[in-house]
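S.K.: Straight from TrEMBL, here's the annotation block:
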- 42-62: transmembrane segment (TRANSMEM)
- 82-101: transmembrane segment (TRANSMEM)
- 108-127: transmembrane segment (TRANSMEM)
- 154-173: transmembrane segment (TRANSMEM)
- 202-223: transmembrane segment (TRANSMEM)
- 229-252: transmembrane segment (TRANSMEM)
- 352-373: transmembrane segment (TRANSMEM)
- 402-423: transmembrane segment (TRANSMEM)
- 435-456: transmembrane segment (TRANSMEM)
- 476-507: transmembrane segment (TRANSMEM)
- 519-541: transmembrane segment (TRANSMEM)
- 566-585: transmembrane segment (TRANSMEM)
């Protein structure tokens with residue numbers, strides 16, 4: 001019987017037709033129809049929201065340090081921390097949005113609710129920037145002779161109310177946009193799997209287009225017409241995004257929420273702890289759920305699946321984190337409570353979440369680098385000659401972040417149309433290279449973004465020294481074009497094309513049914529921890545390098561007197577160490593992609609029979625990678 005079960009797993013006959021067919025409904029709650037619902041036609045409307053939403057938030061976030069520094073009069077380090085905390089909160093709240101979606105509301109309703117919250121935040125920010133009483137009096141913070149007041153009381157309340165309404169809305173929106181788009185494709189159909197991969201690439205393309213417009217046109221509006229008009233335009237753009245997602249309503253495949261994700265996870269740990277003194281059976285079929293004579297048949301009799309909803313996919317048993325298997329040990333003296341007895345599928349869902357954590361953690365340093373490009377690099381540009389050639393047109397420093405997106409708007413379609421088919425022919429993989437390989441390439445490239453930034457900053461300070469402008473007189477730019485800092489943005493943009501898309505596709509493809517939004521949210525949590533790490537690093541570096549009257553590498557409002565180049569070298573070193581760490585964990589992850597164990601071998605504690613199981617939990621297939 002053991003060999004027969006293994007033979008079944010090794011074939012393609014047991015790929016389920018569609019593990020979401022029972023939970024995918026249209027906007028009226030009816031079963032969706034293949035060909036009428038879902039597909040790229042539906043995903044286009046989701047990508048429209050993605051483009052408009054990132055356009056709105058990028059116009060605010062990428063120029064926020066200028067607003068907080070010049071208009072709100074916070075010091076440069078404080079301004080940088082306000083920005084990084086704001087952006088970090090956006091991405092941290094994505095996990096909340098994912099949990100709400102998977103557990104209660106579903107992706108579409110979650111998008112609408114939190115989209116309106118984000119819109120209200122833009123309106124509050126626009127009102128504050130427009131009404132003089134709601135912000136400090138105008139003052140030149142760069143002039144040491146002027147005493148500039150920071151916002152207090154009602155002014156500070158409106159500032160942070162607007163910021164964190166935007167953070168709440170945008171954070172809870174982001175993972176659900178990606179997951180809702182991915183839900184429009186059948187992961188168990190070969191053609192739709194390829195289209196899903198294309199969707200993730202073009203979702204990133206829509207992100208790039210939105211960023212590009214925000215960092216050119218919208219940032220220009222902020223610089224030319226004022227921040228109040230700029231925030232108002234962000235609100236208008238957000239309205240267009242909500243209109244886009246609403247128009248596609250008749251075409252969507254909507255995932256039905258499957259109950260609290262946190263409760264299902266907690267039940268496994270509680271049940272395993274309750275049975276911690278028990279031994280697991282040598283045969284995994286003795287665990288709860290695997291009692292059918294042919295246990296790996298997807299079409300099991302639903303009557304034997306106690307505590308398992310019939311519309312949930314079944315996951316194969318694996319022997320990683322074997323302590324958790326105790327949650328599925330059947331005890332005849334128990335009442336079958338889900339807090340004392342869990343199914344193998346439920347246990348394996350928890351194992352999936354644990355497996356992806358090291359991969360998630362390895363992307364945090366890269367997003368710490370992104371935080372520098374949105375804060376200190378913008379301030380670098382503000383000290384340089386921003387004229388475009390010999391004309392009188394000045395490039396806003398924040399708009400330099402548009403340079404990589406100009407490149408990516410061209411490269412992303414070429415990657416999907418040319419490079420992926422070429423690599424597919426070489427590797428036999430539908431995505432050309434594996435998602436883990438794609439993430440690793442991006443992490444490696446990101447190191448050189450900070451190397452480039454450190455070299456350019458050393459050049460900038462040398463020019464300031466040679467020009468006698470170390471004190472940074474008011475409104476005097478260095479005789480060095482702002483485009484010197486473009487390469488650091490270009491290199492990072494290239495790295496993000498690999499890592500960002502690979503990470504989103506990796507988390508979505510690895511997620512069990514009912515956890516798509518939550519695991520996709522881990523991508524954004526990585527951004528969050530990266531931005532928080534940036535703030536912590538700035539504080540630590542200033543404390544460690546400061547002595548006496550010297551406040552540290554990054555303590556002065558004048559970059560010419562700071563040691564930003566040394567800080568960039570530190571980040572480059574951390575990035576390379578992080579890449580080496582990622583190599584270890586990616587190899588660990590791939591080494592667990594197939595599980596073989598002789599059926600006759602018995603362990604003293606949970607050494608159960610291994611089966612050939614893919615670490616991709618969504619499909620049953622041969623894992624001969």
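Using the three backbone atoms N, Cα and C, a Cβ is placed for every residue, glycine included.
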S.K.: With pairs 6 or more apart in sequence, are the transmembrane segment (154-173) and the transmembrane segment (82-101) linked by at least 3 Cβ pairs under 8 Å?
M.R.: yes
S.K.: Does the transmembrane segment (352-373) reach the transmembrane segment (108-127) with at least 3 CB pairs under 8 A, where each pair is 6 or more residues apart?
M.R.: no
S.K.: Are the transmembrane segment (566-585) and the transmembrane segment (402-423) close, by which I mean at least 3 Cβ pairs under 8 Å that are 6+ residues apart in sequence?
M.R.: no
S.K.: Taking contact to mean 3 or more CB pairs closer than 8 A (sequence separation of 6 or more), are the transmembrane segment (229-252) and the transmembrane segment (42-62) in contact?
M.R.: yes
S.K.: Can you work out which residues elsewhere in the same chain, 6+ from the ends of the transmembrane segment (476-507), have a Cβ less than 8 Å from its Cβ atoms?
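M.R.: Cβ under 8 Å, 6 or more out: 178, 197, 200-201, 203-204, 356, 359-360, 363, 366, 369-370, 373, 377, 380-381, 383-387, 395, 397, 400-401, 403-405, 407-408, 411-412, 415, 431, 435-439, 441-446, 448-450, 452-453, 456, 459-460, 463-464, 467, 469, 519-520, 522-523, 526.
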